[in-house]
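K.L.:
Marked as Zn(2+) 1 binding site by Swiss-Prot: CYS38, HIS63, GLU64. Taken from Swiss-Prot, the feature active site, charge relay system covers THR40, HIS43. The annotation Zn(2+) 2 binding site is assigned in Swiss-Prot to CYS93, CYS96, CYS99, CYS107 on the grounds of sequence analysis. Look at Swiss-Prot and you will find ILE175, ASP195, ARG200, LEU262, GLY263, ILE264, ILE286, TYR287 tagged as NAD(+) binding site, backed by sequence analysis.
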Amino acid sequence: MKALSKLKPEEGIWMVDAPKPEMGHNDLLIKIRKTAICGTDVHIYNWDEWSQKTIPVPMIAGHEYVGEVVDVGQEVRGFSIGDRVSGEGHITCGHCRNCRAGRTHLCRNTSGVGVNRDGAFAEYLVLPAFNAFKIPADIPDDLAAIFDPFGNAVHTALSFDLVGEDVLITGAGPIGIMAAAVCKHVGARHVVITDVNEYRLDLARKMGATRAVNVATENLKDVMKELGMTEGFDVGLEMSGVPSAFHAMLDTMNHGGKIAMLGIPGGEMAIDWSKIIFKGLIIKGIYGREMFETWYKMASLIQSGLDLSPIITHHFSIDDFQKGFDAMRSGQSGKVILNWD
């Protein structure tokens with residue numbers, strides 16, 4: 001089968017002819033229809049420091065996808081051949097304390113599809129049936145293919161009450177932009193998103209952000225005055241991993257504010273803890289999606305009218321995968337879809 005593999009420990013990703021994966025009694029065999037390129041895939045392509053420490057070589061990459069079930073393990077219940085599915089990319093152990101307590105998103109032994117094991121950039125993917133999620137008929141393939149990053153946005157955004165609240169999002173990557181759309185959809189008052197990439201800020205405006213702020217040219221506190229905000233943001237969603245962005249968030253949070261952190265800093269990050277202490281801030285780390293509450297919320301949000309379509313900006317045939325990676329690496333894109341049909 002065709003597959004995109006991290007074949008060598010250097011920059012790049014390569015089309016290979018890989019053996020069709022073998023499935024176990026509890027697995028599904030999924031024929032991939034569409035995949036999306038994640039920022040993680042770009043890290044793997046670039047072969048940066050994180051990738052060098054994390055990624056086994058060779059390995060088929062990719063973890064954002066939609067496909068069709070074409071075979072079902074003999075112990076599997078609840079899935080049938082022909083089901084349209086995406087899936088949770090965090091394969092959990094099932095036996096640690098958190099797994100046994102039903103908090104599987106906090107499994108300490110997680111293995112990542114397309115990160116620690118072969119992934120979805122292939123004609124076929126084997127996935128434990130536990131991890132699969134049936135896609136409702138009224139959700140198109142393009143949106144189903146980005147459920148993984150959409151789930152990061154939903155998990156982060158819905159960590160705290162948003163109704164009538166003022167929200168600051170630092171980092172206008174696709175996940176931050178989708179989080180802005182979620183916040184507005186569920187009833188936040190002002191949703192302000194910051195970045196220095198004007199292309200991405202324009203996308204955030206299309207997706208409903210109250211204000212998309214280029215911090216290279218605008219002062220965040222001036223924007224707050226413009227919006228009539230007198231006390232600070234109630235909720236912060238840190239999506240960038242950039243220290244200066246987090247520092248700006250701490251400076252502009254209201255007392256008693258709540259911060260959810262998804263962005264991963266490139267190294268250790270010094271912060272002024274006195275601001276957190278004296279403001280009484282609550283900080284929550286976010287990793288992945290809650291299994292499977294976040295997934296049901298994702299489907300329901302789309303079915304209730306949340307429009308994510310502007311975030312998908314490019315489509316390519318899998319044979320043109322290099323063009324897709326070039327678009328993602330340029331920073332001048334939203335989500336990039338690779339078609340496998």
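Positions of Cβ are set from backbone N, Cα and C atoms, glycine also.
Help me see these features in their spatial surroundings.
P.N.:
The Cβ of CYS38 (Zn(2+) 1 binding site) has GLY62, HIS63, GLU64, ASP148, PRO149 as same-chain neighbours under 8 Å, each 6 or more residues away in sequence.
Note: THR40 (active site, charge relay system) has non-local neighbours HIS63, GLY114, VAL115, i.e. same-chain residues 6+ apart with C-beta under 8 A of its own C-beta.
Taken residue by residue with DSSP, HIS43 (active site, charge relay system) is part of a helix.
Packing around CYS96 (Zn(2+) 2 binding site) is summarised by its Cβ count: 16 other Cβ atoms lie within 10 angstroms of its Cβ, all protein chains included.
Secondary structure at ILE175 (NAD(+) binding site), as computed by DSSP, is helix. If you draw a 10 Å sphere around the CB of ILE175 (NAD(+) binding site), it holds 29 other CB atoms from the protein chains shown.
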K.L.:
I want the residues beyond CYS93, CYS96, CYS99, CYS107 whose C-beta is within 8 angstroms of the mean position of the Zn(2+) 2 site's C-beta atoms, in chain order.
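P.N.:
Near the Zn(2+) 2 site, beyond CYS93, CYS96, CYS99, CYS107, sit THR92, GLY94, HIS95, ARG97, ASN98, ARG100, THR104, ARG108, ASN109, THR110.
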K.L.:
Using all protein chains in view, find how many other C-beta atoms are within 10 Å of the C-beta of ARG200 (NAD(+) binding site).
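P.N.:
Its Cβ has 22 other Cβ atoms within 10 Å.
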K.L.:
Out of CYS93, CYS99, ILE264, which of the binding-site residues is least crowded by other Cβ atoms within 10 Å?
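P.N.:
Selected from the binding-site residues CYS93, CYS99, ILE264 on minimum Cβ neighbours within 10 Å: ILE264.
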K.L.:
Quick check on the recorded positions HIS43, HIS63: which one has the highest count of other Cβ atoms within 10 Å of its Cβ?
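P.N.:
Result for the most crowded candidate: HIS63.
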K.L.:
Same-chain residues six or more away whose CB lies under 8 A from the CB of ASP195 (NAD(+) binding site)?
P.N.:
THR170, GLY171, ALA172, GLY173, GLY176, LEU201, ALA204, ALA212, VAL213, ASN214, VAL215, SER240
K.L.:
Out of HIS43, CYS93, CYS96, CYS99, CYS107, point to the one nearest GLY263 (NAD(+) binding site) in space (Cα versus Cα); all of them are recorded positions in the record.
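P.N.:
Result: the closest of the recorded positions to GLY263 (NAD(+) binding site) is HIS43.
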K.L.:
Of all the recorded positions given, namely HIS43, CYS96, CYS99, which is spatially nearest to ILE286 (NAD(+) binding site) at the Cα level?
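P.N.:
Ranked by Cα distance from ILE286 (NAD(+) binding site), first place goes to CYS99.
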